[in-house]
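Heads up, the thing below is written out as structure tokens.
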Amino acid sequence: MARFYITTAIDYSNGDPHLGHAFEKIGADAIARYRRLAGDEVRFVIGMDENSQTILQPAAEAGLTPQAWVDRLAGVFADTWARLGISHDDFIRTTEPRHTRAVVEMVERIKQAGHIYRGTYEGYYCERCEAFKQEKDLVDGRCPEHPDREIAWTKEDNYFFKLSEFRDPLLKLLDDHPEFVQPTIRRNEIRNVLKEGLQDISMSRPHRIWGTPFPDDEEHAVYVWFDALINYLSAIGFPDDAYHEWWPADLHVIGKGITRFHCIMWPAMLMAADVELPRTVWAHGYINWEGRKLSKSAGAPVTLDSAVERYGPDPLRYFLLREIPWDGDGDFSWGRYDGIYNAELANDLGNLANRTLAMIHKYRDAVVPKGAGTPLDDRANAILDGYRSAMDSHLIHRGIAAAMELAGDANAYVEERAPWKQAKDESLAAELDTTLSALARALGRLAILLSPIMPVKMGELWRALGASDEPAGMAAYAALDLAGRQVDRQAVLFPKPE
Ligand SMILES: [Zn+2]
């Protein structure tokens, strides 16, 4: 059995989850669920980045200790992921002892190998990114990610990581393993950064009041990015040997704003510590509202709560993953959400399910009849190939499009076969069996293909087709046989809004 270790970026403990956080978790969850469906053994890890100095201010404003603050937020995030059906196997928090232990080990290994020295840093530091910025990266003298904030000139005594030594090995990595950074546009950006050359980076902050103490110098805190990246190792038990069970990671899912940390700093840290590199870093895009990054739009026109409440968690998962290409940016708008919900979920999919189940009920006493293979089955098998190649390439939006072709074909098949006419003529009984059994199989296959996207709704559909469990794995798809199953005319899957 193949193993698949997938992670998302861990979330900053300085504010509530928003739609951008949700998009990343939902996409990674769809990939994790797809891999399980394909038969892999999956480890899916998400978590919280709690060692940031930026939590101190909101914690103080809320009248909480830093630890009480991060505990509260970890609860809020965990509840949100449960509500959205995220199927993670672990939830790592960087304040946990298991994480601190891994950070200490990594710093020590890198130090032993001679890649750390002491020095003085002078330059711009964005408190919000928690990153030093070069002058050429600033826009109008400000951090491009945080244009509303002044950026401070900072001078401090630090430990440095010899990042500059890793420029050539990293360029070679991109040549030898183009799959290391995806999609391609992000790889090209990283290559350009590397070509300009790398500077050594500070890997500590002086005057620690919060964060992981620097080994052998507790006055300093480990630089928060250096600390946070190690969560991918600490979550699987590093430095105990057991971590080899899952390492190297197959896929780090992150947002396109943090590629430099994941595609330059992280592999350099691993090379320095002589730890294997992850296979792929996938950088997704942003959700925009009228062309602006949603999380930065003033007075958020759509909150995560309002988006979930509109039609429930599964339709939101479907809409985000279908509408925002997993390899780029996309727009959120209520009009578009309503349109997709009505056209694709309520009509194409929901209506197909409702009418098929109703006809099996009415014409065949609620039992799926036996029936030979049909052109609709041939189409379903061709669609599976397209779906798999899209999902194997992490192009979730294309996987959804492939699956929905099957819904379209099944709806055309209903019109073409007109089972309500076949039902009126006793001599067409075998034809009607063929029609209804083919439609039942199409629904079962849709439940399989779309279960990574809408796990709850597709579980309901699968059980309405007479099963007691969750949708079958990919292996059962081609020869799916539902004959003899007792269908349930359950509640409408995707009710039309009033
Ligand atoms: Zn910034």
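Heads up, residue numbers simply count up from 1 along the chain you see.
Just so you know, glycine gets a Cβ as well, placed from its N, Cα and C.
TrEMBL assigns the feature motif ''HIGH' region' to one of the listed ranges (11-21, 198-208), namely 11-21.
Remark: CYS126 (Zn(2+) binding site) has PHE132, LYS133, CYS143, GLU145, HIS146, ARG149, ILE151 as non-local neighbours, by Cβ distance under 8 Å and separation of at least 6 in sequence. Neighbour list (CYS129 (Zn(2+) binding site), Cβ cut-off 8 Å, at least 6 residues apart, same chain): CYS143, GLU145, HIS146. A mean pLDDT of 92 is what the model gives for the motif ''HIGH' region' (11-21).
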